[in-house]
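Undergrad: Structure in structure tokens, see below.
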């Protein structure tokens, strides 16, 4: 027994294998996502009617919002899209045996559970951190939050930030130094490009967040005055520092999703991606522009009119590379032999709802309009269409695309399609009415509202219950896959009549990337020797 336990500990807790670490990230993200979903349901239940429903304390309500946001951003989307899919797939995409720094990879993951524990403690101690995920002073200052909850949230962010920085360095080194000579950068799979760009954004933006929250920590505990007006500080400085990180952060969340969607749409349209180079440069442009538009979150703080004009124009320019990506996905589908598998359904759902989220983003980019919409439910609807329906749908698309390769087991196709439709209906019923609430002026982060808003709020809360049903159905699908799933061959997503489980299929078909040349699941060291240029690799590109 002790031998079995020690082997288990060595396999999972001391692992240096990128595939096992990727699986750990996905399991961790699944757990955090369920926890964050539970918090979101509490929010929607409180808002299902006017006046007090379940949560009498407004501080508790705001603490739930903070916990929900931080859980979903730092402990669900980032670990899943970057840590999970990135770790598992990147060595396979570049033809390498593992990540460049395997032990660094291990510590990158194991910093996250302590960080999650700190965040949960933060929510449970002295009423929690009722600051929202933005942690603006003076609300997060020592006068408004005198207990340790904000300090614990800051420590949680520090730990998850260090984890992300170490992971980003590992990804960049792996892609630059461990590619097989046959795969030059302009032939790298789009998901590989997405990971590179995301890693660079992390390296450039996270230190700024670390600086801002460290200054806040010293303001709270060591009597400094970075953000204390009484001591000559400026709380607006915190907003500038936070959003210089915060806006690239939203692209850190969505760019890996772009890579996944490009891969799945290409595979299930039976065509190579339309405009590969354009797609790469569009992602690069989005990443660069993301650093010079941060003050569009701050139109209401009293910016100079010329400053507001600049940030409006710069923000609207981001719509250009985003539009290139949307139309390239549509062009990839056009004329293709489309198969509506669960993965493809989620990809098409992503394109549809990301477009809606992008259109409301164009509205909010205008300083004159954002003065009215700032801190209303219009903003909540906008970023949930991009995240709750963008990043999350991309995660499901990637899951259903690669999980037969990862586990070597097939899943129930029918139930997976049912899950897509339940989730699609649920999230739209939840978030589309919030556009109307925002247009009517309902403010965010307040647990009570006038009776006039009751109708749309009730519909929105009903939609959240539908979404929870989809989440439980997903867990059941995973359970069935693990318990009853049939063996998945090397190419689990091909039509059975069109493939044989041999490398001959690679010679006859254009493949998106190298992982399909391997067994399902891949061996711990997938490519012991680097794959050489051959007919197979020529057929890939």
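Heads up, the Cβ atoms here are built off N, Cα and C, so glycines get one too.
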Undergrad: May I ask you to indicate which of 2-22, 23-43 is given in Swiss-Prot as transmembrane segment?
TA: 23-43
Undergrad: For the Cu cation site (247, 296, 297), what does the 8 A shell look like? I mean other same-chain residues with CB within 8 A of the CB centroid.
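TA: Along the chain, the qualifying residues are 243, 246, 293, 294, 295, 298, 311, 315.
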Undergrad: Any idea which of the binding-site residues 296, 374 has the thinnest Cβ neighbourhood at 10 Å?
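TA: If we count Cβ atoms within 10 Å for the binding-site residues 296, 374, the smallest count is at 374.
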Undergrad: Quick check: of the binding-site residues listed here (68, 247, 296, 382, 384), which one has the Cα closest to that of residue 46 (Ca(2+) binding site)?
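TA: Going through 68, 247, 296, 382, 384 one by one, the closest to residue 46 (Ca(2+) binding site) is 68.
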Undergrad: If we skip the immediate neighbours and take only residues 6+ beyond the ends of the transmembrane segment (188-208), which ones have a Cβ under 8 Å from one of its Cβ atoms?
TA: 82, 85-86, 89-90, 93-94, 161, 164-165, 167-169, 171-172, 175, 179, 241, 244-245, 248-249, 251-252, 255-260, 262-263, 273, 276, 279-280, 283-284, 287, 290-291, 512-513
Undergrad: Work out how many Å separate residue 384 (Fe(II)-heme a binding site) and residue 251 (O2 binding site) at their Cα atoms, rounded off.
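TA: Here the two Cα atoms lie 14 Å apart.
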